[in-house]
Each structure stands twice: as structure tokens, then as C-alpha cells.
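Asks: Here it is: the structure, laid out below.
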Amino acid sequence: MKKLILHTLKEKQGYVSGEELSNSLGVSRTAVWKHINELRKEGYIIESSSKKGYRLTGLPDILDGREVSVPDGQQIGRELVHFADIDSTNNYAKKIGNDGCPHGTVVTAERQTLGRGRVGRLWQSDNSRGLWFSIVLRPDLEPEKVQIITLAASVAVVEGIIEVLDINCGIKWPNDIILGSCKLGGILTELSAEPGHVNYVVVGIGLNINQDSGDFDQELQDKAASLKLFTGKTHSRAKILSGILKSFEKIYTMLLAGETRQIIDKWNKYSVTVGKEVRIISREVEYIGTAQSVALDGKLVVKCKDGTLREVSSGEVQVRGLMGYARD
Ligand code: BT5
């Protein structure tokens, strides 16, 4: 009933009388009033006037199915699991991935106590000012081709933000979302596979939305961006998440259709890596070169000083001029 009342108030975009609500939904006016109060407790701002009735004027920024909406027929985000607190949405997504959850299930959390980056690094996500979520995918791809999913996910994030806010972000290979010269977000892709077969992939996305600079740990203060720091305004996480899930569905469909070239072309359009001087730091070596392109399997092609080309599949890539890399 509460859902129906909310739906009616959203549709009307103006006052609806208590009588109209009680008649159309077949409940008493006292029942309507009770549900309205419950909605208010959940953060919906509903004005009331004895003559005109009720009017919805503000939505809470909650990340469950009430405010995060996906178009009919969309698979990504059709199932949403939301937590107030969790260790890591990727951990939970892997658990339900193992248990057989449907393709496209999305796990969100207000706060993570153990948000993870790559190779055991920490991801600061101890407050509800960002978007911390994971998507479970069941792609029919060979395990070697999964790296391209991280690139596709970065494109989905950038295009989702353009769609909702008309703000242009960049992508730093392989998994950073950049705004200005700082890190706005990151992607952690994890895989469960057997030889030749992918069981599931978890794409974990962390995106800073409404943080002020004091919300970041000391060591991140010069490196981290948030959409609020960039625009000076607070943004709806639910709307941004809905936009990203929609663009994710689009790019994932391209991936399954074998349109890898088109995905790389999109990625190149947003890349802040290609054409720049990069410092590659892997377990074995460290060198400086120029990022040339991204290969169809998602590897970064780097031209070294001596003219040789090297393909980088993992390790740390620093891009000159970004997040503190200045050449000494
Ligand atoms: C990443 O790792 O950038 C991937 C981050 C993925 C986080 C999401 S949140 C939902 C899901 N659940 C999880 O547990 N994880 C995923 P990496 O490239 O390794 O970058 C990690 C580095 O980014 C850290 O060492 C810090 O320097 C920096 N960092 C940490 N928290 C940050 C934040 N909130 N904003 C910007 N930079 C941050």
C-alpha cells in the first residue's frame, strides 16, 4: 500500500487529496495518513495541506529498489541487494555468485568496513557519501577475455555520469575514473573460473559522490576527487547509480555481441592514459614509456624509450601529471 501511495504521489507531481488516495486505493483516510507518516520517517518529504492534500517534494537518497530504478527488460540491476553496513560488496557478491544468484544482481552498501582495491589495497568507503556497489555477471566468455570487462565497466561509469550530470570524467588504464587530475572512482573485477569457462565475474565499483575533502583520509586528500568537490553541489546517488546500471547494460550487450573494437574506441575517447608518458611498475620491472593504445584483449601497449613495444596486462601504471606523478 505504502508503495502505491508513493507511486501515486510521484506520478501526480502535485497535490493529491487524502480522499482521492483513500478512494482509489480502497483504504481509510487514517490508513493513508499512517503510510504517509511512515514514508516521511524513511526520508520522503511530503507536504500536507488540509485543503489540498499531500504533495511529494523531496526524495531520500536510498540505494534500494525504491529509488534505484532500471528500465523494463534490463537485466543489470533487476535484482538489488542493499546493506547499511557490510565488509565489502564484492565479498557478498562472490558469495551469492557461488550460490547461483541471477546474472545482473547488484549489491549496494551505505558503508563498507573492509572496502578493497586491487592487490590487497584498501578502498575508503566508511561513509554513505559515495556509491559502493558490485555487479554479478555470468558472461559466456573465455577467462582470458575477462579483462575487457573492466574497460567496459569504466566506459559505463563515465557514460552514466555524462547521462545523469553532463560531467565528463576520464579513464586511467585499467580501472581508475579520473575527474580533474584526481581519482573519483575505481573498479575491482574478480573472477571465478575453471579452465576455459567463467563461472561468474564480480565488477566492484567505488565512486566518490558527496564527500567534502575532510571526509577523505589524510593520504587521499590530494589524490581523491568527489562530484560534490567538483560541482559544489550534493548529488543523488540513487539517480547516478540508476544511470550507470543503464549504461552498463548497453555496453555489456555490445560486449556479448562481439563489439570489442567499438568498446575500445569508446574507451579511447575517454582515456587519459593513451598518448601520455607512463611509469609502469610491475613485480619484476619498472620503466617509463609512452602509452600507445589498448589491444583488443584490454592490455596496454607501451612504447619504451628504445622503441620497443611492450604489452602490460597488470601492475601499477602511473600517468604523468595525474595523482602526484611528476617526473624527477
Ligand atoms: C581500485 O583499486 O581503485 C578499486 C576500488 C574498488 C572499490 C569498490 S567499492 C565496491 C566494491 N567493494 C569493494 O570492496 N571494492 C569495490 P586500486 O586501483 O588498487 O586503488 C586503490 C587505491 O586508491 C588506494 O591505495 C588509495 O590510494 C586510493 N583510494 C582508496 N580509497 C579511495 C577513495 N575513496 N577515493 C579515491 N581514491 C581512493
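Glycine residues also receive a Cβ, built from the backbone N, Cα and C atoms like all the rest.
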Asks: Quick one: sort out which of 18-37, 178-197, 298-317 is the DNA-binding region according to TrEMBL.
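Replies: In TrEMBL, residues 18-37 carry the label DNA-binding region.
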Asks: Determine the Cβ neighbour count for Gln112 (biotin binding site): the number of other Cβ atoms within 10 Å of its Cβ.
Replies: 26
Asks: Widest Cα span across the biotin binders Ser88, Thr89, Asn90, Gln112, Arg116, Gly117, Arg118, Lys183, in Å?
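Replies: 20 Å is the greatest Cα spacing among the residues binding biotin.
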Asks: Across all protein chains in the structure, which of the binding-site residues Arg118, Lys183 has the highest Cβ count within 10 Å?
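Replies: Per the Cβ count, the most surrounded site is Lys183.
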Asks: If you count Cβ atoms within 10 Å of the Cβ of Gly117 (biotin binding site), leaving out that atom itself, what do you get?
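Replies: Gly117 (biotin binding site) is surrounded by 15 other Cβ atoms within 10 Å.
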Asks: Per DSSP, what is the residue tally for the DNA-binding region (18-37) in helix, strand and coil?
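Replies: Split into helix, strand and coil, the DNA-binding region (18-37) gives 17 helix, 0 strand, 3 coil.
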